[in-house]
Amino acid sequence: MALISMRQMLDHAAEFGYGVPAFNVNNLEQMRAIMEAADKTDSPVIVQASAGARKYAGAPFLRHLILAAIEEFPHIPVVMHQDHGTSPDVCQRSIQLGFSSVMMDGSLREDGKTPADYDYNVRVTQQTVAFAHACGVSVEGELGCLGSLETGMAGEEDGVGAEGVLDHSQLLTDPEEAADFVKKTKVDALAIAIGTSHGAYKFTKPPTGDTLSIQRIKEIHARIPDTHLVMHGSSSVPQDWLAIINEYGGEIKETYGVPVEEIVEGIKYGVRKVNIDTDLRLASTGAIRRFLAQNPSEFDPRKYFSKTVEAMRDICIARYEAFGTAGNASKIKPISLEGMFQRYARGELDPKVN
């Protein structure tokens, strides 16, 4: 089975200049859509369990769902990633369950809501890196808080995210601080704040350089060229699915996401992991609303759930192709987690800081 570390996958992405969409998984339909799209496009996969998904489905159920996907598609390299761990303990339990990558979100306190100070973030991330790398498991850290540069409001989803109004110093990751953070923690990947936020309501109008700072990505990448950058809250909020939802009884107000072309620009400057959740939610909801409206006598869940798989699969295919992920699964030769531990121990994977 091709369960690999995120570090190996993102190193390959950096070498060949592509990005990898990281899709949140809550149920069978999402998992199947992601894997069928990856199979069709020969794409490596990052699937992640958010705090909300772990609460909804339970970490053991998610683990076996992902392992089942790996068993059915053994030729596709898969990273099983725990998203937004709020403490080293959460990350440690995920590693015990078999996750090959964890995120220690020390930008927030353990309640997942209160912005943490820098020293706290460094300390808990260092702790997580120490035991994770000893297991060959990758670690993603976070510096800065997700939120809107347009309004200053923090972004929350699935119970994780700062609350209230934040200033620009919290909403934009500082390049110098990023370099210091990576040097001290040795994280494999760093989620940075550039003006994106969780959920569907990211921007009230198509984003500009004032509300989405691709320039900040370039500045951070120049300081930590070997550290893989992560864009959270990067759903593009497809307008066609918004229209379908509202056509069939939905009431979602006007909103815009992160344009795919802006993500592609970020990939040129070190973005290797792109977190996507809302796009699949919108496609799934739109497909169900449309099917039930057109088939009011239907009550077999398999029939309308199959429509969600089709809708989400198309989104996944589009992202794999746009980010350059397509065609790379077969090029990755899996390294075991034990092999990754040996590489960490030899210092081969220590970060470069300019």
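The backbone N, Cα and C atoms fix where each Cβ goes, glycine too.
Copied from Swiss-Prot, the annotated features are:
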BINDING   Ser50  D-glyceraldehyde 3-phosphate binding site
ACT_SITE  Asp83  active site, proton donor
BINDING   His84, His198, His232  Zn(2+) 1 binding site
BINDING   Asp105, Glu142  Zn(2+) 2 binding site
BINDING   Gly199, Gly233, Ser234, Ser235, Asn275, Ile276, Asp277, Thr278  dihydroxyacetone phosphate binding site
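When the CA atoms are compared, the binding-site residues lying within 10 A of His84 (Zn(2+) 1 binding site) are Ser50, Glu142, out of the candidates Ser50, Glu142, Asn275, Ile276, Asp277.
Cα-Cα distance from Ser50 (D-glyceraldehyde 3-phosphate binding site) to His232 (Zn(2+) 1 binding site): 12 Å (rounded to the nearest whole number).
Closest by Cα distance to Ser235 (dihydroxyacetone phosphate binding site), from the recorded positions Asp83, Asp105, Glu142, is Asp83. Listed in sequence order, the binding-site residues near the residue listed as 'active site, proton donor' (C-alpha within 10 Å of its C-alpha) are Asp105, out of Asp105, Glu142, Gly233, Ser234, Ile276, Asp277. For Asn275 (dihydroxyacetone phosphate binding site), the nearest neighbour among the listed binding-site residues (Asp105, Glu142, His232), judged by C-alpha distance, is His232.
Between the CA atoms of Glu142 (Zn(2+) 2 binding site) and Gly233 (dihydroxyacetone phosphate binding site) there is a gap of 13 Å, rounded to the nearest whole number.
The two recorded residues Ser234 (dihydroxyacetone phosphate binding site) and Asp105 (Zn(2+) 2 binding site) have their Cα atoms spaced 17 Å from each other. Between the alpha carbons (Cα) of Asp105 (Zn(2+) 2 binding site) and Asp277 (dihydroxyacetone phosphate binding site) lies a span of roughly 18 Å. A separation of roughly 11 Å, to the nearest angstrom, links the Cα atoms of Thr278 (dihydroxyacetone phosphate binding site) and His232 (Zn(2+) 1 binding site). In the three-state DSSP assignment, the secondary structure recorded for Asn275 (dihydroxyacetone phosphate binding site) is strand. Counting every protein chain shown, the number of other Cβ atoms lying within 10 Å of the Cβ of His84 (Zn(2+) 1 binding site) is 29.
DSSP assigns Glu142 (Zn(2+) 2 binding site) to a strand in the three-state reduction.
Distance from the CA of His232 (Zn(2+) 1 binding site) to the CA of Asp277 (dihydroxyacetone phosphate binding site) is 10 Å.
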